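> Before I ask anything, here is the structure I am working with.
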C-alpha cells in the first residue's frame, strides 16, 4: 500500500512538471498566408507533435485532439482542429486587421491531446499569418507644390510627404524611394529613417537656381515596396522658383518618458512638449499633431493641444487593457509645404484600481458547458481541469489566491495565476454519480475583491498484459559537461490495455545502489540531473522500471547503458619543470650535443583531447633554441658561439588537440655560459689592449707563487695528518658527505661523467620527467643526461638547475 502511494505521488510530481512546461512553451509553429479561402489547411498537429510515433496502427485512433476555448483572445473563431489533428482556417484571414504594422503576425491556440478518455498534454500552437503584398505604397496626396528661392544655397531641403503601405510584412511594407532622372543635376531626393520606422523625405537643392533661366520644374518620386513583384506609388512634385521654409521644428528631446496614476485628472496636463523653429513668420510658427503611427488605443485615451503642446487624458484609463502607451507627436511649422519633426512620448500608467478577478476553466473532457466527465476508475491525482485567473491590477490588488473546498477534488497552484484541478480521493459512481464544485478567488487588495465560479463533474462507468519494451537493452551516447536536464534518450514501452491499464509510468533502478545522475519522465524520456564527468565515470549501467496503472499493476524492466563521451575540459599541465619559473644554468663545450632538457606535460582528457604539442612562445629572439612539438625535447637549433652566452627568459607552451584548444605555459630562466674553446662569432671578435695583457701576466705570476706556497704548506700538513689517519679520515668523510647531499651538478668535460652525491639523490632525479604516455612515443635524448644513473653521459654540456624546495619531485634543497 505504501509503495502504491509513493508511486502515485511521483506521478503527481511528474505531471505537475509537465504542466508547468506546457504553460510557457510553444510546441508547434505553422504558417499560413492571409486571404486564403475558408477551410484552408494549416498543418497536421498529430504529425508535428509526434504523439503517434512508435504507436501501433490500431492504437492511433485512440489519440484525439480538441481545441480549448479561448474567448478572451478571440482566436477560436479563426481556426478549427479535427479529431485527427488537422488544423484548418474557419474564415478568410486578413493580416492587416489582425496584427500591428511591421511586426510578425501570429496567433496562438491551445489544443488538448487525449488518449481515449485520458488527458495527455495541452499543446500551444503558434500560427504565423504570412502577409501577402496586396497593397501598394500610397502617398497622402497625389502632388506637392514646392517653392525654391533663387537665393537658396546648395543643400537646402524641402520636406515632402512619405508613402504608406498598409501591408504588415517586413518586406511588403518596406518602402524604397527614387527620383526620376529628369533634373537630377538640379535636385536630389533625401530619405531618412525616423523613430516610427517610416521614412522622412525631402527634396535637396543640388545647384544654384536662376529664375530668369527657368522658373519651374516638374519631378516625380516613385515609392516601391519590397514585395515580389514590387508595387509602386507616384508623387508628382511641382517646383516653383521664387524668392524663399528651410528649417524644420526641433523638439527639446526626442523621447519624453512620463509616469501618471490611473486616476490622473482629465484637465491636468500630463506633460508639455516643446519644439522650436529658426524660421521667421509663418514658417517659424509650430503646431503639434499626433502622428498616424500612433495606435488607435492610445489616441482614444489621450488628446493633444495643437498650439501649446500639452497632452491630456480624455477618458478614464483602463489598466486592464494596457499599462504603457506610446504616442508619436509631429511638430509642424506654418510653411508651405510645412516641415516637421517627430518625438515619441511614453506614458506609463500606475494602476490604483482594484477590479474583481476573472476565473476561466478549461476541462479535459467537457460534456456540456460547465460540466466535465470523469471515469469512476480514474486514479487519485489525475488531471481534471485547467484553471486560469485574470486580474491585471498591480501590487497587492493583483495578487490572487484561489481555493477549492471538497473532499474528492483538490486545486493545485501552478504559478502565474494558473491552477489545475486533480482527483484527491477515489470516486464511486454507484455511490454518487455527480458532484457540484465551487472555486473562489480573492485578491489581497483593501478592500479585497472576491469572485466565485461553479461547475459540475459527471462520473462515468468504467489488467492482464505486461508492458513490453521495444528491446531488452537501450544504449545511448552523450557528451560530458552537459547542462542539467540534458536529454539522453527515449525509452519506449507499449501496453495494449485500454484506459488506466494502458497508461505507463517509468522509474530508474540503480544496480549498485548509487544515486544516478539521471531521471526519467512519465513518457520515458531520460535526462540528466547533474553534469556528467567522463574523467570520473565513463559508463553507467542501470535499469528502467515500467508499470501500468491497472489493478493489480503489472511491470517490466529493461537494461540501459549510457556511455559518456569525452570533451576537452581539462587543460594540459607541465610535469617537468615542476615549478614556474624554473632556472637552468647551461655550460656549453665544443662539439657538444644539441639536446638541453626534455619538457613533459600531461592531460587528464583522452584521445585527441590529450594529444599534446610543445612550442616556444617568447625569449628565443636569436633563434638559438628549438623544441620538438611532439616529444618536448628542448635543444639548440644551431651552432653556439661565444657571443650567445647570456641569460634567456624562455616561455614554453603546451597545447592539446581538442576543440577548443586548451593550453598551459611555463617560464624557464636559462643562463648560458660558453667555453673559450668555442669559436666566437665573427661580429663579436674583440682585441685586448696592451694594458690588459700586462695585467694578465701579473695575475699569472702572483697566482703561481701562491700555488707553490700552498703546496709546501699542504705537504707539511699531510705528514701530520698521517699520524691521525683513522680519526681524521672519518671526520673528513662525514663533512664531504654532507656537502654532496646539498649540491648536485652535471659537469661535462672530455671524460664526461655524470656525478650524483648519493644513491638517494640518484633515485629522486630519475622521477623528474614522468608523464602520461598513452598518445606519445617514448623519447630518449641522445645526450641521455637527464635521468642516467650509471653510464649514460652527456657529451659536452655543463647543466646546473636551481628551483624552489620540492622542485621537480625532489626534496628540499636539491638542485637540478
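Note: Cβ is positioned from N, Cα and C throughout, glycine not excepted.
Taken from TrEMBL, the feature domain 'Cadherin' applies to 24-139, 140-251, 252-359, 366-469, 470-574, 596-682. Per TrEMBL, the feature signal peptide maps to 1-25. Look at TrEMBL and you will find 695-721 tagged as transmembrane segment.
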> Check the domain 'Cadherin' (252-359) against each of 24-139, 366-469, 470-574, 596-682 and return whichever range has the most CB pairs under 8 Å.
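The listed stretch sharing the most Cβ pairs with the domain 'Cadherin' (252-359) is 366-469.
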> Against the domain 'Cadherin' (24-139), which of these stretches has the most C-beta pairs under 8 Å: 366-469, 470-574, 596-682?
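Between the stretches 366-469, 470-574, 596-682, 470-574 has the largest tally.
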> May I have the DSSP-based helix, strand and coil counts for the residues of the domain 'Cadherin' (252-359)?
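When I sort the residues of the domain 'Cadherin' (252-359) into the three classes, I find 10 helix, 44 strand, 54 coil.
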> Check the domain 'Cadherin' (252-359) for me and report the mean pLDDT.
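Summarising the domain 'Cadherin' (252-359) by its mean pLDDT gives 86.
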> Under DSSP, the domain 'Cadherin' (24-139) has how many residues in helix, strand and coil?
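Looking at the domain 'Cadherin' (24-139) with DSSP, the answer is 16 helix, 47 strand, 53 coil.
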